[in-house]
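**Q** If you scroll down you'll find the structure; I have some questions about it.
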Amino acid sequence: MAPAADREGYWGPTTSTLDWCEENYAVTWYIAEFWNTVSNLIMIIPPIFGAIQSIKDGLEKRYIASYLALTVVGMGSWCFHMTLKYEMQLLDELPMIYSCCIFVYCMFECFKMKNSVNYHMLFTLVLFSLVVTTVMYGMLVFTLVLRSIYIVTWVYPWLRGLGYTSLGLFLLGFLLWNIDNIFCVSLRNFRKKVPPVIGVTTQFHAWWHILTGLGSYLHILFSIYTRTLYLRCRPKVKFIFGIWPVILFEPLRKY
């Protein structure tokens, strides 16, 4: 966590229970943690396009919800790191719980009939969200991804790359997140001694956003790929400009 000697900016005194290692208002007077804020763009822009494409492709609504939930997480995190206000902290943390529940539901329903609704699972996840919201915060991501790999790779072994890449990004992001917390003072001293372009690369909480945002996006692709294979479509992974992965496939068949 950050030392208490940070400057004050446009949003006034910090009221959040967390203040990360990045120096406050160091880049601009209007954004408390600049790099921790802008790094959320990876969780905002790509999922919006993913949701639009899912609507065009006629995917089930839960996949549209997955993309939009990831966007909400990114927007909440943006607001939190920009202001360091307690109410914005809740806007950052709670959507993580809700989006994880949507991801879990999507994976549990991968091998069900088209447009089926699992009311028992929905009730359980909604109840879980309510409990977590009022009592504690939790994360389901690692269990979710591990379960996804277990379910699918025994049928489609070549999907391991996508599943393990998603998990690996989460683990790497989690490692950098802990380094940022534990060695905050040392990192701040290091940034004072090196050129800004080098110091930026040590904003490990920003890297946490980038890696987990990309990991979440890949997990949604993983879930969609698995689902459309089950529905006997022909999904293919394509790379926009040779970099950004998307899934293209034939329209879902009507039963």
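Every residue, even glycine, has its Cβ placed from backbone N, Cα and C.
Per TrEMBL, Ca(2+) binding site is recorded for Asp19, Trp20, Glu22, Asn24, Glu33. The annotation transmembrane segment is assigned in TrEMBL to 34-52, 64-84, 96-113, 125-150, 162-185, 206-225. If you look up TrEMBL, you'll see His81, His205, His209 marked as Zn(2+) binding site.
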**Q** Tally Cβ pairs under 8 Å between the transmembrane segment (206-225) and each listed stretch (34-52, 64-84, 96-113), then give the stretch with the top tally.
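**A** Ranking 34-52, 64-84, 96-113 by Cβ pairs under 8 Å to the transmembrane segment (206-225) puts 34-52 first.
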**Q** Taking every protein chain in this structure into account, which of the binding-site residues His81, His205, His209 has the most other Cβ atoms within 10 Å of its Cβ?
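**A** Selected residue: His81.
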**Q** Work through the binding-site residues one by one (Asp19, Glu22, Glu33) and point out the residue whose CB has the fewest other CB atoms within 10 angstroms.
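**A** Each of the binding-site residues Asp19, Glu22, Glu33 was scored by Cβ atoms within 10 Å; lowest is Asp19.
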**Q** Taking the mean position of the Cβ atoms of His81, His205, His209 as the Zn(2+) site, which residues outside that list, in the same chain, have a Cβ no more than 8 Å away, listed in sequence order?
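**A** So the extra residues in range turn out to be Trp20, Glu22, Glu33, Trp35, Asn36, Thr37, Ser39, Asn40, Ser77, Gln203, Ala206, Trp208.
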**Q** Can you tell which of Trp20, Asn24 has the most other C-beta atoms within 10 Å, given these are the binding-site residues?
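**A** When each Cβ's neighbours within 10 Å are tallied, Trp20 leads.
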**Q** List the binding-site residues among Asp19, Glu22, Asn24 whose C-alpha is within 10 Å of the C-alpha of His205 (Zn(2+) binding site), in sequence order, or say none.
**A** Glu22
